[in-house]
Amino acid sequence: MLNQVLQVIGVQQNEEQQMEAIYDDFQRPPKIKIAMMHAAATKFAKTDPNIDLDKTNVCPCCGLPAVIEEIPLCSSRNEFSFNGSGIALYFDFLVFSGVIVFAYIAISCGYNIYANSQGKRCSLIKSSIADKCKTDFFNQFSLTNDNEDFDEVRSILNFISLIVILFLTLFYRRHISKIAMELDDAAILASDFSIIVENIPRDAKEPEIQEYFSQPFQNETVEFRKLCIAYEIQPYLKLNTQKQLKETVLTKVLELEAEGKQIPKSIPPRVQLKQEIDKISKELDYMEDHRATIFDFSGICIITYNYEKQADNVCKTFKATRFKILLDQLGIEQNEFKKFRNNNLLVRKAPEPGDIIWGNLGITIKEQYKRTLITNAMTLFLLAIGFGLLLGLSYAQNVINKNISKGSTTETIIITLLGFASSILISIINVVLAKMIVKFAELEQQATRTDYNVSVAYKMGVAQFLNTAILTLIINLFIQEEMISLDQAIWQTGGLNSDVMLIFITNSITPWLTLLLDVNYFYKLYVRQKIIKQGENCKYTQNEANQAFEGPTIDLSQKYAKLCKTLLFTFLYSALLPVGVCFTFLSIVCIYWTEKYLLIRRDSKPAPTGSAMAEAMIDFYIELILLLFSLGCTFWEWINYDKIHILTWLQLGFSTLHYLIPIQKICGCIVDLGIDNATIESYDEKFLTFYDDYDRRNPVTLDAAKEKWIKIQQETVQPTPQPKTSNQLKKYHQIQHITTGSTKIHPIESRNSREIDDLQQLQV
């Protein structure tokens, strides 16, 4: 299994046999040294650039170098760019969130808190409802405690806050665009030279596609280097899933045999399981060898050119957008674009090889829109269920209010407990929403992990915001057994003020605390200690031990969703309860340092991602945050004062206009972001340095592609008596990259390359 990798790093045949004997996925007891090596190889850390690969520092499980340089806790966020710009930009987004919250605190929050605390609302209420109003922590710092006729200063400061935050947003857009360009210029990857093409006729053949995309574009010739065809590989994935299930059963059988226990009659014997696994492996090999005749073409391919400028020119030639192709698929006539036969093509720069979900390719744009509509409807249904639960709790609160003595200590305790119960119920509903939305996003079968993560972040952030902020607002203000004024519904005992403040407090603690108290991580620690303690008597397999020693994985989609939900909630209620904004700021600071610590010291290395997700979150959420801020200022001002200041109307109109216009395009015209320079080096010169490439990620082509890449590595990397000159090396690199028939050699089955993506598995 390890022969190819070991040949590359210069290990002789007898050493290869020894290494082959060292590693076995099903070995019992596991080798602790290999598990620890796997932990180091998958840790979020830089690989030591000064090491030479040999058998002592390469993880035999995943083939990654195990000699690493730990990142200091106080290091710059740019230090994370070795894993792509995605992680660094997420931490930039955290910092930006803290900056805009702090800007509001510095400009408006201090004055608003002071003005609210000086009010005497409860003392001026008429006697019939005076017992329902208390100047407690929930009401004292609320806008409803301000009993003045009107506060013009408040409106002025809120308007200034909006303008400042808007300019901070413009600066941040420029910042992330600049970072993305700098990282793109600094790191030369396979995606720099590649394009992804969608909506090719399904009956098109490889020679026809290659010939079409080898013609001149933008009056310039191109140097075609590689064609990676995406097939509809669901049968392959389904068969591979069956193999993995049987391997899991085989693991259990070996465990029972090692413990001397009787194997249940419902489980096949070990010999039969091994035969079935071998049979499936041969079927998978046959599918890979005859992929062009067995699998249907998905209409999608990735094409690599020798220079990035050539790939850019091809993208500029094809003007069709995803929406225009949707209209085309619906039979609505479109403008004439450059076509392949009669099909409009969607052509763009290719995502990273590890970003593509190969099993999802082949779903038409029309079908994807249909699935998105269905999953959105299912999300709304879940929100309706959550609304019913919160409504039931509100009804119980009203019943208790009627049956206990007013103004008593018991009433205060019970109302406070019910408020906490409501905030906890909201948190539970948000957890359920998060899990279900992940399942819904999987049903959409997005083509890339970034598209999948963006879909999850959109749905989860909005759904959790609606559940946390809007449903709480509706229940408190508009669904009451007794007819009461809107302002009374806010300040009364157990009203909106107390519910929202308790949510602020809960949200300031639970996000970072749940990260630290990760149950799955502590269970892994327990398993690690158990494996070490049992030693030779350990019943875990090597693969199970490797997984136990590997750090937790991070999910950027859920991190973005939770953070954006908090920002939406905060700015909607900032004018009503400005003291709550302070809790949010402290929460963001704690989240930043907690997540940075966990990433550097605990988490495993995620798949490399680019700037697309950070840009999508800015485009979707930031304008929405500003709009909700203005809506909140207008609504709460109207409820408390029965009128709205002209500056507040201007603020609302300005933020609405900002939300509706394409601000990201205007920013590109106003602010000079510099030129995104195309890579000067050619693909021929750099492809040997690519850890990832498309044919080495495609499940049905990775074997042949890795074999070819390893052979080239052998001839190029291994020392020779007479070193090659640069001219000789460059000449050697000008090879035919398109893989044809080749002998099957299975390279190391690593977690990072051979695995079939979890999202692909779920589809079958």
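Keep in mind that glycine also has a Cβ here, set from the backbone N, Cα and C atoms.
Unlike curated entries, TrEMBL annotations are predicted automatically.
Annotation comment: TrEMBL describes 87-107 (among others) as transmembrane segment. Proximity of distant same-chain residues to the transmembrane segment (87-107), defined by a Cβ-Cβ separation under 8 Å and at least 6 residues beyond the stretch ends, is recorded for 77-78, 80-81, 157, 160-161, 164-165, 168-169, 172, 175-176, 179-180, 183, 556, 559-560, 563, 567, 570-571, 574, 581-582, 584-585, 588-589, 591-592, 595-596, 599, 606, 609, 611, 613-614, 617-618, 625.
The transmembrane segment annotation in TrEMBL covers 155-172 (among others). For the transmembrane segment (155-172), same-chain residues at least 6 beyond its ends with a Cβ under 8 Å from one of its own Cβ atoms are 92, 96, 99-100, 103-104, 107-108, 111-112, 575, 618, 622, 626, 629-630, 633, 637, 645, 647-648, 650-651, 654-655, 658, 663, 667, 670-671.
The domain 'CSC1/OSCA1-like cytosolic' annotation in TrEMBL covers 192-360.
The domain 'Anoctamin transmembrane' annotation in TrEMBL covers 366-606.
The annotation transmembrane segment is assigned in TrEMBL to 373-393 (among others). Tertiary neighbourhood of the transmembrane segment (373-393): same-chain residues 418, 421-422, 425-426, 429, 432-433, 436-437, 440-441, 443-444, 459, 463, 466-467, 471-472, 474-475, 479, selected by CB-CB distance under 8 Å and a gap of 6+ residues from either end.
What TrEMBL lists as transmembrane segment is 413-435 (among others).
What TrEMBL records for 456-480 (among others) is transmembrane segment.
Within its own chain, the transmembrane segment (500-523) has Cβ neighbours under 8 Å at 137-138, 419-420, 422-424, 426-427, 468, 472, 551-552, 562, 566, 569-570, 573, 576-577, 579-580, 583-584, 586-587, 590-591, 594-595, 598, 602, counting only residues six or more beyond its boundaries. As annotated by TrEMBL, transmembrane segment applies to 500-523 (among others).
Residues or ranges marked as transmembrane segment in TrEMBL: 567-594 (among others).
If one looks beyond the transmembrane segment (620-639) by at least 6 residues along the same chain, the residues whose Cβ comes under 8 Å of a Cβ in the stretch are 100, 143-144, 154-155, 158, 161-162, 165-166, 169, 172, 458, 461, 486-487, 490, 564, 567-568, 571-576, 645, 648-649, 651-652, 654-656, 658-659, 663. Here TrEMBL flags 620-639 (among others) as transmembrane segment.
A mean pLDDT of 85 is what the model gives for the domain 'CSC1/OSCA1-like cytosolic' (192-360).
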